[in-house]
Amino acid sequence: MSKVSKTAMPAGAGRGAAKKELPEHFKSYKHVWVFVELERGQVHPVSWELMGTGRGLADRLKVNLAAVVVGPEGQHTRNAALEAFCYGADLAYLVSDNVLSDYRNESYTKALTELVNTYKPEILLLGATTLGRDLAGSVATNLSTGLTADCTTLDVDADGSLAATRPTFGGSLLCTIYTLNYRPQMATVRPRVMPMPARVMRDAARIVVHPLGLVEDDIVTKVLSFLPDRDAETSTLAYADVVVAGGLGLGSPENFRLVRELAALLGAEYGCSRPLVQKGWVTSDRQIGQTGKTIRPKLYIAAGISGAIQHRVGVEGADLIVAVNTDKNAPIFDFAHLAIVSDAMQLLPALTAAFRARLLPDSRARIAV
């Protein structure tokens with residue numbers, strides 16, 4: 001169904017004779033769709049990030065960009081469809097029904113599958129969130145098409161095929177994957193992998209309302225109660241402007257307090273590399289990298305982190321990366337903007353003291369006394 005290039009290559013490279021003529025019944029599939037994730041009345045930011053990426057793909061293909069909004073009847077759902085036009089949508093598809101009040105795989109899969117079969121997009125993008133991953137897999141299965149998960153780059157090749165690049169083999173390789181002979185071409189992207197596009201006020205264009213035709217008795221799964229994710233309420237790591245993170249170079253779990261102290265002083269979020277989660281030093285909601293969170297802060301300070309590719313793919317969107325490591329050959333220095341060869345155990349307290357003196361001059365006076 002999907003073809004994988006063995007190494008990261010330019011879009012379209014390495015396919016050769018493997019590409020077959022697209023079956024006739026798929027040639028009518030046109031346009032780029034982005035699924036707008038709406039939960040508890042709020043649009044997940046990854047949806048707007050994907051709208052920016054989708055806009056670029058649609059422009060290169062010379063087709064329309066459409067937003068797909070699925071949710072309960074009411075103003076929140078319609079507002080999400082209207083807001084999509086401010087992020088580049090040419091039209092929006094709206095499925096609004098009270099059986100969609102809570103996310104359930106059965107009802108949402110039916111809604112999105114029906115939309116695809118009726119209006120036939122060539123590309124369908126979803127956020128790689130808990131909801132998006134669950135929905136994308138079931139929709140791709142229903143449609144018997146390919147799905148590339150957790151992409152880091154999306155492009156179109158000279159033939160107009162979607163070239164979806166993602167890490168593989170534990171992050172040691174980047175593979176470009178094509179869904180050659182099936183439609184739609186589906187991909188998911190994690191939050192913060194793509195930049196947030198500028199919001200531009202635009203008049204609403206066309207909204208296509210599609211009836212669901214599903215009643216509550218048709219759905220096996222019932223939602224009895226909703227418990228908010230504790231981590232989602234207490235951590236804003238993925239969308240923080242400043243992030244301080246630590247790795248194994250800190251030496252012990254007790255020393256991780258140096259990361260927390262600097263982050264607290266800067267009003268920043270703190271994170272860590274995967275080994276610290278594996279050792280139980282830090283909870284998994286603070287992990288940064290391929291299997292954790294992707295971040296795009298204005299400033300990222302990495303202390304005692306080697307910078308393997310699994311970590312790199314989660315941080316390389318940062319505006320400024322400051323890396324601290326005792327090993328001058330550490331991989332993180334290959335992509336850091338500022339490399340400091342030093343012991344994090346000595347540098348972090350010095351940085352904290354310097355920032356405290358600069359940001360809190362009263363504390364400097366008290367120390368002098």
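Glycine too: its Cβ is placed from the backbone N, Cα and C atoms.
Per Swiss-Prot, the feature FAD binding site maps to 299-327. For Ala323 (FAD binding site), the number of other Cβ atoms no farther than 10 Å from its own Cβ, over all displayed protein chains, is 26.
The number of other Cβ atoms within 10 Å of the Cβ belonging to Asp319 (FAD binding site), over all protein chains shown, comes to 11.
Counting other Cβ atoms within 10 Å of each Cβ, the binding-site residues Leu299, Ala303, Val315 show the lowest value at Leu299. His311 (FAD binding site) has a Cβ environment of 28 other Cβ atoms inside 10 Å.
Long-range C-beta contacts of Gly307 (FAD binding site), restricted to its own chain and to partners at least six residues apart, with a cutoff below 8 Å, comprise Ala323, Asn325, Ala330, Pro331, Ile332, Phe333, Asp334, Phe335, Ala336. Leu299 (FAD binding site) falls within a strand when secondary structure is assigned with DSSP.
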